[in-house]
Amino acid sequence: MDNKKRLAYAIIRFLHDQLRHGELSSDAQESLEVAIQCLETAFGVTVEDSDLALPQTLPEIFEAAAAGKELPPDLRSPQETPPSEEDSAEAERLKTEGNEQMKVENFEAAVHFYGKAIELNPANAVYFCNRAAAYSKLGNYAGAVQDCERAICIDPSYSKAYGRMGLALSSLNKHTEAVAYYRKALELDPDNETYKSNLKVAELRLREAPSPTGGVGSFDIAGLLNNPSFMSMASNLMNNPQVQQLMSGMISGGHNPLGTPGTSPSQNDLASLIQAGQQFAQQMQQQNPELIEQLRSQIRSRTPSASNDDQQE
């Protein structure tokens with residue numbers, strides 16, 4: 001593979017990371033975005049070309065070179081000379097032990113065993129991918145992303161590495177990149193239902209990214225208030241004499257004209273308010289079921305599924 005493209009990809013990836021975490025001024029961010037576009041155009045490379053990824057990031061390569069140190073085994077490029085039979089067998093044993101630790105949710109121990117396996121055989125993509133799963137369980141999503149990148153570099157056709165990369169990126173709220181990796185995973189494994197489901201979730205989260213005038217979380221209040229159907233039904237609700245009477249009583253200091261003997265005004269207020277809300281919801285469901293489904297999608301808190309990816313190899 002063209003090393004110039006690998007280098008260009010490493011630089012583009014570094015610049016993308018600086019955009020997200022570099023705490024740069026708006027002018028500096030704009031300059032970086034222009035630089036990224038120029039590099040992508042000049043070399044025909046984008047940040048989604050993960051098959052160009054090296055086992056180590058550009059800062060890691062630089063730090064190791066500046067310190068005059070050799071990269072640790074799990075950051076080196078895959079060895080040209082395959083490991084001995086003894087090392088391969090021991091690495092498999094360590095991997096199996098790591099899998100057992102995952103089953104009992106001892107994720108730190110799993111990371112340890114997978115790391116030992118990598119030291120003996122750093123050319124095995126499965127070891128990196130399994131450790132990525134353990135890192136994700138520990139909440140170390142950056143470590144998971146890094147290990148998935150290494151697994152993909154070793155085996156660009158390894159669908160599970162792309163799927164786990166998508167999970168880690170989703171957990172970091174990097175939904176644009178997550179979508180790209182889920183699509184690649186599906187390209188390699190088209191019948192995988194977990195990848196299909198996770199792709200839909202990532203695409204939904206991407207669409208539901210909060211707007212500047214949005215409400216709490218991903219609920220877009222501005223969009224809702226601009227919906228003619230919603231505003232029409234809300235207007236009808238507020239013109240309902242029962243609702244007007246209820247609101248008038250609440251505003252005037254708690255006197256409830258709808259009260260009944262033996263029931264406190266606050267209880268009647270709550271019951272009437274619930275009843276009015278139910279009527280409004282029923283009206284919305286009958287007149288605009290599409291809007292109801294849209295609201296449900298916005299309110300529903302959904303997370304990607306790791307069910308298929310919990311299976312260690």
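In case you wondered, yes, glycine gets a Cβ from its N, Cα and C as well.
Computed from a predicted structure; not experimentally measured.
These features come from Swiss-Prot:
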- 69-97: region 'Disordered' (REGION)
- SER77: phosphoserine (MOD_RES)
- THR81: phosphothreonine (MOD_RES)
- SER84: phosphoserine (MOD_RES)
- 91-124: repeat 'TPR 1' (REPEAT)
- 125-158: repeat 'TPR 2' (REPEAT)
- LYS137: N6-acetyllysine (MOD_RES)
- 159-192: repeat 'TPR 3' (REPEAT)
- SER301: phosphoserine (MOD_RES)
- THR303: phosphothreonine (MOD_RES)
- SER305: phosphoserine (MOD_RES)
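Known features from Swiss-Prot, placed on the structure.
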residue: THR81; record: phosphothreonine; Cβ contacts under 8 Å, 6 or more apart: none
residue: SER84; record: phosphoserine; Cβ contacts under 8 Å, 6 or more apart: none
residue: LYS137; record: N6-acetyllysine; Cβ contacts under 8 Å, 6 or more apart: MET102, GLU105, PHE107
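Looking at the repeat 'TPR 3' (159-192) alone, the prediction's average pLDDT is 93. Look at SER84 (phosphoserine): DSSP puts it in coil. Annotation note: LYS137 (N6-acetyllysine) sits in a helical segment as assigned by DSSP. Taking Cβ pairs closer than 8 Å, the repeat 'TPR 3' (159-192) reaches residues 20, 47-48, 50, 125, 128-129, 132-133, 135-136, 141-142, 144-145, 148-149, 151-152, 198-199, 201-203, 205-206, 209, 304, 306, 308-309, 313 in its own chain, all 6 or more past its ends.
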